[in-house]
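Below you'll find the structure, written out as structure tokens, and then a few comments.
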Amino acid sequence: MLHLYNSLTRKKEPFVSLKPGTIGMYVCGITVYDHCHLGHARSMVAFDVMVRYLRSQGFDVTYVRNITDIDDKIIARASERGVSIDELTAQYIDAMNNDTHALNILPPDHEPRATGHIETIIRLIQRLLEKGNAYVSENGDVCYEVDTFPEYGKLSHKDIEGLVSGSRVEIVKEKRSPLDFVLWKKAKPGEPSWPSPWGEGRPGWHIECSAMAMHELGEQFDIHGGGLDLQFPHHENEIAQSEAATGKPFANYWLHVGMLQVNGEKMAKSIGNFYTIADVLKEHHPEVIRYFLLSSHYRSPLNYSEENLLNAKKALIRLYQAVKDVPPQTEDSKLDEYWQVQFNQAMNDDFNTPVALSVLFQLAHEVNKSNSPALAHTLKNLAGILGFLQKDPESFLQSGLAEEEKLVIEQLIAERLQARAERNWAKADQIRADLLSKGIELEDGATGTTWRRIAE
């Protein structure tokens, strides 16, 4: 049975969906004012694998990942660039789609944008005003009054005083309490705005997600996810406003992905230590990046380094080598039940991908020993749930080399062929040894000599 670590209760719990066989999942997406960095990729890959696995187990999953396309940062960046907000957000949405496609991240079933749900947001704010959980401040903003929700802090597990002193709470004199947060911002000159019962303005960040999640999944759903940095204040505020409005639990399970770190610090645009997905893709194969992001449990911190990416590359080469020369699978062959069970046990333990990967390597070892099509097929199928090992092995094993390098290898193979024709075995063996020392293995067959990279 699937067990998930629920941030709300701080323990692993058996997963029971609201409606048997179906799952509603909402994950906070990106704010589109810049290129996605690897921290974003980690979260997106983690939830992508969760969705893939849940579907492989027969669940009908509705996966929602939003786009924040109106925000202070977006407005500021558009102003800096001298472009419209629509131009800016379109540019970075396209860039995000390119990144996710390269990393084999499946598109969500629904990808709502904040600007497309203004009326839904306004209606939710009206409910909160009617129930006495919100107020119109002196400056015209509509704010949520945290003191009206006694359970505030139940997700981050901090007391109210701790939240005030230990968080990035904006102190605004118009608020009744420092923890109160804006639901609707009164329009400022030159900023985008929409009409509302409280005048021209735009929605606050937190209310956008509550409104979009409930619009797509209903007032209650199964799983809400995002990066650990969103737990407070964003997710805490989502719970407060949503549950105050409906009187029901918002999401049953809260899942948070640990931070991607560089030298022990969170990778973040605000710190300036981030690596964009696009830049890393220039240096590393997409599957290598994906493997690296899954090499640590999703809740644990993960350190970015070239060494860790190199280790991911070597690991993938070993897996591709295992399936490279296996005879084709017959149509009536089934997956090996033993290895399926081992893999599922790992994934049922809160999506434990490091253990699942170890199962794949044990299986690859058996494939190497037996050359069994059934085991190789099982290996590819299980790895496919993690989103890799689906490329042509030859293509992957020769990837990452510049065309000039490939030409040099082919030239050396031709020289070796000539040396063998001349019975110059010493030269032929030396060429093979030189290439092997550079991680290139030659294979002589009936149709000629082929080459591939190997894990050094």
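Just so it is clear, glycine is given a Cβ too, placed from its N, Cα and C backbone atoms.
Non-local neighbourhood of Cys209 (Zn(2+) binding site): Tyr26, Cys28, Asn66, His234, Glu238, each in the same chain, at least six residues away, with C-beta under 8 Å from its C-beta. Summarising the annotation, Swiss-Prot assigns Zn(2+) binding site to Cys28, Cys209, His234, Glu238 and lists sequence analysis as the type of evidence.
For the motif ''HIGH' region' (30-40), the list of distant contacts is 67-69, 71, 73-74, 76-77, 88-89, 92-93, 95-96, 99, 227, 259-260, 266-269, 274-278, 280, 289, 293, 304: same-chain residues at least six beyond its ends, Cβ to Cβ under 8 Å. Residues annotated as motif ''HIGH' region' in Swiss-Prot: 30-40.
Taken from Swiss-Prot, the feature motif ''KMSKS' region' applies to 266-270. Mean predicted confidence for the motif ''KMSKS' region' (266-270): the pLDDT average there is 74.
If you take the C-beta of Lys269 (ATP binding site) and look for same-chain residues 6 or more apart in sequence within under 8 angstroms, you find Asp34, His37. In the three-state DSSP scheme, Lys269 (ATP binding site) is classed as coil. Marked as ATP binding site by Swiss-Prot on the basis of sequence analysis: Lys269.
With a 10 A radius on its CB, Cys28 (Zn(2+) binding site) counts 24 other CB atoms from all the protein chains. A sphere of 10 angstroms centred on the C-beta of His234 (Zn(2+) binding site) encloses 16 other C-beta atoms. For Glu238 (Zn(2+) binding site), the number of other Cβ atoms no farther than 10 Å from its own Cβ, over all displayed protein chains, is 27.
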